[in-house]
Amino acid sequence: MFARSRSQCPRLSGSLHFVRRSASTQISNAAVNAIVSSAGSEGAFATRGSGPLAGVTVAVKDNICTKSLPTTCSSRILENFTSPFDATVVSLLSTGGAAIVGKANCDEFGMGSLNVHSVHGPVVNPVGLQDGVPVERRSAGGSSGGSAAAVAAGFCDAALGTDTGGSVRLPASYCGVVGLKPSYGIISRWGVVSFADSLDCVGVLAKDVSTVRRVHNAIAKYDERDPTAAPPHVRALASQLCMQRAAEITATDLKGLRIGVPRDYFPKELQPSVIESLQKTLDQLRARGATVVPVTLPSTPYALSAYYVISSAEASSNLARYDGVEYGLRVEPPPGANLNKTANVYAHSRTRGFGEEVKRRILLGTYALSADAFENYFLQAQRVRNLIKADFNRVFWAPNALKVDASTNATRTEGVDVIIHPSAIRTAPPLPDAQHGASAETGSLDAYVQDVMTVPASLAGLPALSVPAGSGSDAWPIGVSVVGQWGFDEMVLKVGEVIESCQAGGP
Ligand SMILES: NC(=O)C[C@H](N)C(=O)O
């Protein structure tokens, strides 16, 4: 499978070899399968111009349109597709001076948590490499597994991923890098292939928070071509409120920062070492003056089911455009087939063009939108989504929650500035031996459970940052997530930076 797709993609050189710039070990792309089409070794590290991203090398997830490289969404149905235009985020990267090194592998159309559903083959987590050779094959997470692996392997300084229900944060956690899912509507989705429009966000991955911030700030611009973009006045107001709160935080003094730890984020599947890492992180933040309080988000147990109903319903509608007629793979029906011709082309093209996971979601989503199921599934899931948003709004600080303490006359706040929870229930699960083969974690319902920590913030459209926070008993990376109120992206970055400095043993 991999050999076939490489030969069909002329820009992916068989000898593609990136230099891991931070270490002497060279990792080849063949070992991790992170980059599916490359801008070539000359383009890879070129510095373009003098903008805010001059000198920054970036890999772009393969569901984001680029006119100079194919955009396959890791699907057979788009295997030979090259977009006639660049997505807004790609144009912003280029005008900012970044060099795009290539397109990153992902789960097909962003559907998956382990990057095993890809026509290009699975991504191998670079953490399991020794001297460039995989000694332990584990998942890089999904769906932006190629983006996370490319950063972890040192192929680029940063990568763009997309996050619908955790697709940036989960791979970041498994690969030991930083990943930001921004507030919904803050980064343009124009030119990003839709999976579930009400949830999809473009996010940034890098080895440190400051690089994530640098790339995020360069691409988080209002774009009138994206109808779901947050309007300028809403951004301005949120940013002003955020800056007021964030200004009080310094790396060594977190007095005034209130952190909520949701009691509902400790499912039985959580590995003990994940809980230990979280506790250690919270202790470090407490030692710097933060107040840590328990909070409850009672609708959390229903989030995963609601997410899979809503995202599949939207996917079934979005993916209807791949019909073998306008663009993408076309498979002619065999002679003598007895359906009418057009329906036959649709059926054959879609049956061959989509992978199993995508077909499963289309079927589930189509059912959820059918007359029989609409009320019980789709509308019910939307109600759950509203409850989840209400849960978050109840625990977060809001301007009207400023209270004057009558006895001291000091202002104090109700609510919390951020919520912190584990990014994933475990460290990276093992990859199955053969592509699409099942292992306990990658081939069953357990694959969906990987998202249990990340989907609530997606349903509520909130910014969430996964930051490395030590390692498990198996020595694989663990991440913790910082979630903020809508528009408080800088707040989560700032708190993430403090966690990062605690990890480094900083002041
Ligand atoms: N796209 C995502 O955020 C990934 C999520 N695990 C899903 O399969 O829907």
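Cβ atoms are placed via backbone N, Cα and C, with glycine included.
Annotation source TrEMBL lists domain 'Amidase' at 34-493. For Lys61, Ser143, the entry in TrEMBL reads active site, charge relay system. Marked as active site, acyl-ester intermediate by TrEMBL: Ser167.
Mapped onto this structure are the features recorded in TrEMBL.
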| residue | record | CB count, 10 Å |
| --- | --- | --- |
| Lys61 | active site, charge relay system | 31 |
| Ser143 | active site, charge relay system | 35 |
| Ser167 | active site, acyl-ester intermediate | 37 |
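Ser167 (active site, acyl-ester intermediate) sits 11 Å from Lys61 (active site, charge relay system), counting Cα to Cα.
Model confidence over the domain 'Amidase' (34-493) is summarised by a mean pLDDT of 92.
Put simply, Lys61 (active site, charge relay system) is 9 Å from Ser143 (active site, charge relay system) when counted between their Cα atoms.
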